[in-house]
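Asks: TrEMBL lists these features:
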type	residues	note
DOMAIN	1-49	domain 'PPIase FKBP-type'
DOMAIN	73-161	domain 'PPIase FKBP-type'
DOMAIN	185-273	domain 'PPIase FKBP-type'
DOMAIN	298-385	domain 'PPIase FKBP-type'
DOMAIN	396-431	domain 'EF-hand'
REGION	434-481	region 'Disordered'
DOMAIN	441-476	domain 'EF-hand'
COMPBIAS	455-481	compositional bias 'Basic and acidic residues'
C-alpha cells in the first residue's frame, strides 16, 4: 500500500492490487482477510501534507497600484472561500453578506492564515494553502473540517489599516502660484469622489452637481477629512486616505460604508475663505498720466468688469452688454465687496478684486452665483463723476440766486408749475451753475425735486413753499436745493 500511494495527486483515483506477501501473508486477518489473499483497493486521495510543509501562497491577481501591504498588527477586511484540499467547500464570507474583519498576527486567526495574509495589497487575490498543523490540527473544527485536514483559502483583500495610522495625503495636481493654504476655521467649497479601498464608489458631489460646503477644522466633517483638507490650495486636487478610526469607525454608516472601512477621497478644492477675510485688491495697471482724483463714496462711476469663480468659471461680464456698468459708490447699488474694491481707483486703472462671500452674495448665492462662493473681478474704471452729498438731488456750484423764486417763475404769475421748474433747472445745469445727481434719469430727478418742493401737492410751487436746505432748519430736508 505504501508503494501504491507514492506519487498520487489529490483527487486522483487508483486501483491498487496487493499480493499476499505485500499484504497480510499466510496469516490474513481473522474473520476478514483469509490467508494468502490478494487484496484490491480503490483509492481516492483526499489530502496530503508533510511535517516540513509551510504555508503556500499563490498570487492570482495583484493590482497595479499597491498603497500598502499587510503587516503584523494590521486590521484587515477580506472575503474568502474556504475548501479542503479536495475542493470540498466548508465556509465562505460571501454567503454571510459581509467581509471577515480581524487583526493579523494577534492570535485571532489560525497561524497559517496569519502568515498567508502578510504582504497582501488591497484588491489582491491569493490562494493560501495551509497544512493542518498550522490550521485546526488533529481536532479539526466541528463537522466541516476533519482531523488533520489541509485547508485552501481563496482570499480577496478589501482593505487594510493599522490602529496607529494617520491620514495619507497625495497631491494629484497643484496649481502654480499658490499664495494661500486652507487653515482651521476657513470655509471651503470642494468637489469629491469617495470610494472604498477596493475602488467601490460610495458617494460623489459631482452626481449632485453641487460642491460640498463646510468649515474646515471645526468638527463639521469626519476627523480625517478635517485634517486632510487643511494645507490645501485653491484649485488643488488631492487624494486623502482615511483610516476608519478617523472616519466612521467600527459601525460604518448607511448601507454603503461598512464598519472598519478605509475611505479614499479624491478632492478638488474650488475655493475657500475665512469669515474675517477682507476684500483683496491687486492693481493690474494704472494710467500713464498723473491721477489726482480717485473714486470715492458718492461718486458716479462707469466701469467694465469680468466676474468669475476662483476655479475660472465665468459668470458675468459687462462686455456682454456692450456698455460699461454704472453705479453710485456707497449707495448699495453693487455688492459691498465690489463697492470697496472700486474705491480709490483712477480713471483708466485696472484691478483684480477678490470678494469673499460675506461681502458678496453670502450663503444663499444669487442667480448664477453658487452659495458661499468667492468672486473674482477684473475691473477697469472708465469714468468718474463727483457725487452729491447724501440725500441731495441737485447742488449749486456757487451761491444760489438771491431771488430764487423770481428766477423760477419764468412767466411771473406767482406760481411755478413743473414745466417752468424743469426748464429753469436744466438751464442751470447747461450753464454750469449747478449739477444733478449723476446716474439717474434727469427727468425723474427733476420730477422728484419738484414733488419735494410742492408741499401741498397741487401741481405748482409758490414762494411760501420753496425752501433751500439752509432754510429747512431742522425740518426733514428736501435736499435738491
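Even glycines carry a Cβ here, placed using N, Cα and C.
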Asks: With DSSP, how much of the domain 'PPIase FKBP-type' (185-273) is helix, how much strand and how much coil, in residues?
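Replies: Each residue of the domain 'PPIase FKBP-type' (185-273) counted once, the result is 13 helix, 38 strand, 38 coil.
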Asks: Cβ pairs under 8 Å with the domain 'PPIase FKBP-type' (298-385): which stretch of 1-49, 73-161, 185-273, 396-431 has the most?
Replies: 185-273
Asks: List, by number or range, the same-chain residues at least 6 past the domain 'EF-hand' (396-431) whose CB is under 8 A from its CB atoms?
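Replies: Contacts with the domain 'EF-hand' (396-431): 442-443, 446-447, 449-450, 453, 459-463, 466, 468, 481.
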